[in-house]
Amino acid sequence: MEAETGSTMETGKGTNRGIRIALALFIGGTLVLGTLLFLVSQGLLSFQAKQEYCLKPECIEAAAAIMSKVNLSVDPCENFFRFACDGWISNNPIPEDMPSYGVYPWLRHNVDLKLKALLEKSVSRRRDTEAVQKAKILYSSCMNEKAIEKADAKPLLHILRHSPFRWPVLEANIGPEGVWSERKFSLLQTLATFRGQYSNSVFIRLYVSPDDKASNEHILKLDQATLSLAVREDFLDNTTEAKSYRDALYKFMVDTAVLLGANSSRAEHDMKSVLRLEIKIAEIMIPHENRTSEAMYNKMNISELSAMIPQFDWLGYIKKVIDTRLYPHLKDIGPSENVVVRVPQYFKDLFRILGAERKKTIANYLVWRMVYSRIPNLSRRFQYRWLEFSRVIQGTTTLLPQWDKCVNFIESALPYVVGKMFVNVHFQEDKKEMMEELIEGVRWAFIDMLEKENEWMDAGTKRKAQEKARAVLAKVGYPEFIMNDTYVNEDLKAIKFSESDYFGNVLQTRKYLAQSDFFWLRKAVPKTEWFTNPTTVNAFYSASTNQIRFPAGELQKPFFWGTEYPRSLSYGAIGVIVGHEFTHGFDNNGRKYDKNGNLDPWWSVESEEKFKEKTKCMINQYSNYYWKKAGLNVKGKRTLGENIADNGGLREAFRAYRKWINDRRQGVEEPLLPGITFTNNQLFFLSYAHVRCNSYRPEAAREQVQIGAHSPPQFRVNGAISNFEEFQKAFNCPRNSTMNRGADSCRLW
């Protein structure tokens, strides 16, 4: 996975941020382009003798894009990230409604603008498929702010008046039918209804995915769920920041309950108990560093699970979650059904805690989590109260524009419908051909380095690594099935949206989402298919299918440059991303899966020990990076997989680029860009850095370090290039420079 993101919530306020950003980019780009065009037309550029220059409009555009991002006053050998990105960051301040901002969010915003234009078109019964009509109606209902304001909290209060959603803190304040009864409270019924009807996983996460050791089969899995705060440590630590986050959460819970009709003193009392319970849950959660693939693979049948943790009716829970009206073939789920219990100790501790807790506190917590998830769908008074909470935990000061919130919601609710709408207009099929070139170049580079430069892996393990590399399956653009209108229409046939009932529409999508993964239970894993949303601005590796995936949303400038632009730009940007995803198959987790996607020990003991020894170098390197904005050091162990992928991907893409020069241009360098003095190798590294230009608010920086899988962007860039001798050659970095680690350089692949 490539992108870094800050925490966001679906809230909205109409602003002209998109227009301001577009206008600033247009003016800035026009000025730079105009200057370069004038210099070229007047012959005022000082070209090197006998050096070929590209003067096509695309090359002038590329030169302008590069110059708008760099800061030439910074020494690239001391801080390459600042050299490459300072210009972009200074010209693109973080929007007030975002916790961080960078080239990834910038491209995401541009995709959202395109989706907005598509969804705002009037419904055509003749031209639009049934699924597209539903997407447009859903968007229209989300944009119907007048109806949302008129409804206010009524749709949510309607739910809270019915079992199992009655919220004890509200007492009788929303009517006698809303009074919670301890005698009637059922933990199983509440958890199952939340998961089966609203896709809310509280305490327990139940889902279907491939069996790690039999990857052709789907299996039920049980895991720990999330918390109200993104960072588990914020419930446990006594730092100033953690305390302020807990205080903000507590006040938010109290105020939300009061907005829904609770008595203030009752809300303050009850929510203190709720917070104490959530702290207890945070204490027993399995931390990231202990969540290894081997540790989380605990396969057993439901009968064995019930014997291990008898305090909960696991079979009853699973049967209540799954809607057998949709999946009648699952009616026979019984004690012999296999499940993978990813966190047995967590579940043992969970039911010990719940067994000693007051039912009222448990009910208050469960319903709070449901209410919290629905706040984005309520009126402005709830949105503004959430914004006060967000100011503390994210640093944002305004709400997202309503259209942006709505686009994000529709995209997540109906990904394949929106995906088809997008690719029909904005995806060029010839991109697949160039992506195949990049992918095969990276595959060759990985295998070539494995054969010629890897001296620590024994022959048998190396042979199996080559087999896995050759077996990696690439998916580009979009899944073919989204073009089948009959299939997509049939998939959504039970959904009936109303333009005047946004909240009701949301509940329908939640039910659809809640039941969707159970479709796969008892079915074989389609190893050649993929199910990624085409509008996603990110890329992925799937260990269970040994696939690398590049959705259409990612394949745009400045990630993917077409054939009219220098190849150095594409190889440095999307090429490194291809290498990054490819290398995930051989990182500290991906390496445990064989070429068929099975969790299988295919490494020799000797090679595995040498791999682990070499990872220590990278763990130490990144752990020594201190991020002043976050006030924390990078977690080198937590980010190890992504750091391995960054370093390997950079080497593979550069090697593939040089092979392309040798094969396609007989070793002759590409024409240079006009008006700038960068060589093609330098452009490669600049393009690598440019897609990672990003800035953060302190709150988002702290969260990125605490729970992010990636190192912060500046350390992703500087960390990888400082380990790579080809970068040091390209920029003539002396041995004692910061970007030249020399003998201290780390390398696995």
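Including glycine, each Cβ sits where the backbone N, Cα and C put it.
Record features, source Swiss-Prot:
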ACT_SITE  Glu581  active site
DISULFID  Cys54-Cys59  disulfide bond
DISULFID  Cys77-Cys733  disulfide bond
DISULFID  Cys85-Cys693  disulfide bond
DISULFID  Cys142-Cys406  disulfide bond
DISULFID  Cys617-Cys746  disulfide bond
CARBOHYD  Asn71  N-linked glycosylation site
CARBOHYD  Asn238  N-linked glycosylation site
CARBOHYD  Asn263  N-linked glycosylation site
CARBOHYD  Asn290  N-linked glycosylation site
CARBOHYD  Asn301  N-linked glycosylation site
CARBOHYD  Asn377  N-linked glycosylation site
CARBOHYD  Asn484  N-linked glycosylation site
CARBOHYD  Asn736  N-linked glycosylation site
TOPO_DOM  38-749  topological domain 'Extracellular'
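Known features from Swiss-Prot, placed on the structure.
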{"residue": "Cys59", "record": "disulfide bond", "DSSP (3 states)": "helix"}
{"residue": "Cys85", "record": "disulfide bond", "DSSP (3 states)": "helix"}
{"residue": "Asn238", "record": "N-linked glycosylation site", "DSSP (3 states)": "coil"}
{"residue": "Asn263", "record": "N-linked glycosylation site", "DSSP (3 states)": "coil"}
{"residue": "Asn290", "record": "N-linked glycosylation site", "DSSP (3 states)": "helix"}
{"residue": "Asn301", "record": "N-linked glycosylation site", "DSSP (3 states)": "strand"}
{"residue": "Glu581", "record": "active site", "DSSP (3 states)": "helix"}
{"residue": "Cys617", "record": "disulfide bond", "DSSP (3 states)": "helix"}
{"residue": "Cys733", "record": "disulfide bond", "DSSP (3 states)": "coil"}
When you tally the Cβ atoms that lie within 10 Å of each candidate's Cβ, which of the disulfide-bonded residues (Cys406, Cys693) has the highest tally?
Cys406
Residue pair Glu581 (active site), Asn290 (N-linked glycosylation site) - Cα distance, angstrom, rounded:
23
Among Cys77, Asn301, Asn377, Cys406, Cys617, which are recorded as recorded positions, the nearest neighbour of Asn238 (N-linked glycosylation site) by Cα:
Cys617
Average the per-residue pLDDT over the topological domain 'Extracellular' (38-749) and send me the rounded value.
97
Distance between Asn290 (N-linked glycosylation site) and Cys406 (disulfide bond) at the Cα atoms, whole Å?
37
Counting all other Cβ atoms within 10 Å across every protein chain shown, which of the disulfide-bonded residues Cys85, Cys746 scores highest?
Cys85
Nearest by CA distance to Asn71 (N-linked glycosylation site): which of the recorded positions is it, out of Asn301, Asn377, Cys406?
Cys406
Which residues of the same chain, at least 6 positions away in sequence, have a Cβ lying under 8 Å from the Cβ of Cys142 (disulfide bond)?
Gln402, Lys405, Cys406, Phe409, Ile410, Tyr502, Asn505
Among the glycosylation sites listed here, Asn263, Asn301, Asn377, Asn736, whose Cβ has the fewest other Cβ atoms inside 10 Å?
Asn736
Neighbouring C-beta atoms (10 Å sphere around the C-beta of Asn238 (N-linked glycosylation site)):
6
Per-residue Cβ crowding (10 Å cut-off), top of disulfide-bonded residues Cys54, Cys77:
Cys77
I'm trying to understand the geometry here, so how far is the Cα atom of Asn736 (N-linked glycosylation site) from the Cα atom of Cys77 (disulfide bond), in Å to the nearest whole number?
10
Of the recorded positions Asn263, Asn301, Asn484, Cys733, which sits closest to Asn377 (N-linked glycosylation site) by Cα distance?
Asn263
Minimum Cα separation from Cys59 (disulfide bond), reported as the residue among recorded positions Asn301, Asn484, Cys617, Cys733, Cys746 that achieves it:
Cys733
Which whole-number value in Å describes the distance between the Cα atoms of Cys77 (disulfide bond) and Cys54 (disulfide bond)?
27
